[in-house]
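Right, one structure below, let's go through it.
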């Protein structure tokens, strides 16, 4: 009898355990999928991959690299901003006052560009760009150390954007001014403009016949019509 009682007690304990496990709510499969998706997006935004060894966070562009990319895409809709061609390299050095006309000239800039770029390439990468700036920095700031000179040149470029030139102004020419000055016109050309220089239009090109009925030079033209149409005062009876 004692053995039978022990078996009954064991059965009750096992039943209680299974009932507690079954009472726990089960999460639907869709919630597990959402968790995995959110975890993957979080890892992608941080530059990591789920289950990968180590992690790499995205590096923000420095002010120098931002300036490099702005000049790299200037004037070229197909440019990616990852490399810089010679024309925009020269513009960068000019707009950022790296060229001073004394220690650094346009010729120096062209020579350094040809020196740092690959022989088969027409552009330079960002790393080659920094090497080129180091070459110019040592020549521009001879009295400074290499590190200080590079830092000074970097400051000239950081955060800068290409300078867009304005509309070219017309240069006044004595010949053009003489040809467009109506006060100096003679002959039939003079008749085409009034004293203020404004064109008369057809009246300056064609002789228009006067059909008003008045003699040429008559000063009181139109006075008769005014007298006829003028209302008369009624006289008292």
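Cβ atoms here come from the backbone N, Cα and C positions, even for glycine.
Look at TrEMBL and you will find 1-12 (among others) tagged as compositional bias 'Basic and acidic residues'.
According to TrEMBL, the feature compositional bias 'Basic and acidic residues' maps to 28-42 (among others).
Here TrEMBL flags 188-197 (among others) as compositional bias 'Basic and acidic residues'.
According to TrEMBL, the feature region 'Disordered' maps to 1-57 (among others).
The annotation region 'Disordered' is assigned in TrEMBL to 180-205 (among others). Taking DSSP states H, G and I as helix and E and B as strand, the region 'Disordered' (180-205) has 14 helix, 2 strand, 10 coil.
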Near the region 'Disordered' (180-205), which same-chain residues lie under 8 Å Cβ to Cβ, leaving out any that are not at least 6 residues past its ends?
none
